[in-house]
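Student: The structure under discussion is supplied below as structure tokens; questions concerning it will follow.
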Amino acid sequence: MIERWTTAVLDTDLPGGWAVARGPDGFLYDDNGALFPRHWLKGQDLPLLAEHGIGHLDGEPVYLLELSARAEVPGCGWKGLRAFMLEGDHTLYKVLGYAAQIGTWAREHRYCGSCGRPMAQVPGERAMYCQPCDLRSYPRISPSMIVLITRGDEILLARSPRFVTGVYSTLAGFAEPGESAEDCLIREVREEVSIEVRNIQYVGSQCWPFPHSMMLGFHAEYAGGEIIPQEDEIEDAQWFSVHALPPLPASRSIARYLIDLYVARRLGHAEPVLPG
């Protein structure tokens, strides 16, 4: 199968192509979506911070215009990345997710973290460079584990105070230096709900551009202990029957995939497809 979207480092001095614009309120869009003819978009009165060539969509080059402030464009509005995730065009979401990660990284690395001098984009490479320090900075990716813990026909789900009201999800957490993904899983489960797990199985991964996580999905079986929610992190955690689940995360998330996959296998239903 031919991929419609492929990432690439493109020369911003070349003409043509499509462009997306990102500002403090998300991405610019109109009735046709978030992709605009690049020459038209660059002709608007936009507070341009930087431009990045990010890849090809259906063979056409795509660029990101990173803005320093909100701008008003006739016939257009602004929409956050999560809203695009929930809509039907998954390819567009992948384009915008990558654009958001590159834009955030470049914005946060305009100055050298060692000497404080301005950094420059490296031609032909996705890197920012400080010549006095001979320091290259590459896009940040933060490895995180996410795990569905099961006990027969029951699954353990939890609520963070930051979740939408009523929604429960799987446990997750960032890996620390020196940890494997499995080490991270065991530690996070102990910290968040005070139980032990066994038979840890890797399921799949998902890029999660909020802002730069790589979610490593696992399934694990309950091994022992009583649920004690971590103060300030877990509002509630409990076992739910696969026949009576609470409101769940968005269908595009790997958290939802882990849940749906286990439920499908327990009930003999068709297995879902892992979101890209």
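Glycine residues also receive a Cβ, built from the backbone N, Cα and C atoms like all the rest.
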Student: Among E125, E231, E233, E235, which residue does Swiss-Prot annotate as binding divalent metal cation 3 at the site that also has E188, E192?
Tutor: E233
Student: Among R38, R70, R82, which residue does Swiss-Prot name as a further substrate binder in the site formed by E125, Y138, Q206, C207, W208, P209, F210, P211, H212, S213, A255?
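Tutor: For the substrate site that includes E125, Y138, Q206, C207, W208, P209, F210, P211, H212, S213, A255, Swiss-Prot also lists R82.
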Student: Going by the divalent metal cation 1 site in Swiss-Prot, where E192, E233 are listed, which of the candidates A172, A175, A250, A264 is also part of it?
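Tutor: That divalent metal cation 1 site, as Swiss-Prot gives it, pairs E192, E233 with A172.
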Student: So which range, 85-106, 173-194, gets flagged motif 'Nudix box' in Swiss-Prot?
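Tutor: Going through 85-106, 173-194 one by one, Swiss-Prot flags 173-194 as motif 'Nudix box'.
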Student: List, by number or range, the same-chain residues at least 6 past the motif 'Nudix box' (173-194) whose CB is under 8 A from its CB atoms?
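Tutor: Contacts of the motif 'Nudix box' (173-194) (Cβ under 8 Å, skipping residues fewer than 6 from its ends): 142-145, 147, 149, 156, 158, 200, 202, 213, 216, 218, 220, 225-230, 233-234, 237.
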Student: For the divalent metal cation 3 site given as E188, E192, E233, which other residues of the same chain have their Cβ within 8 Å of the site's Cβ centre?
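Tutor: Along the chain, the qualifying residues are L171, G173, V189, E191, V193, Q230, I234.
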Student: Let me know how many other Cβ atoms fall within 10 Å of the Cβ of S213 (substrate binding site).
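Tutor: Its Cβ shell of radius 10 Å holds 19 other Cβ atoms.
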Student: Among C112, C115, C130, C133, these being the binding-site residues, pick the one whose CA is nearest to that of S213 (substrate binding site).
Tutor: C112
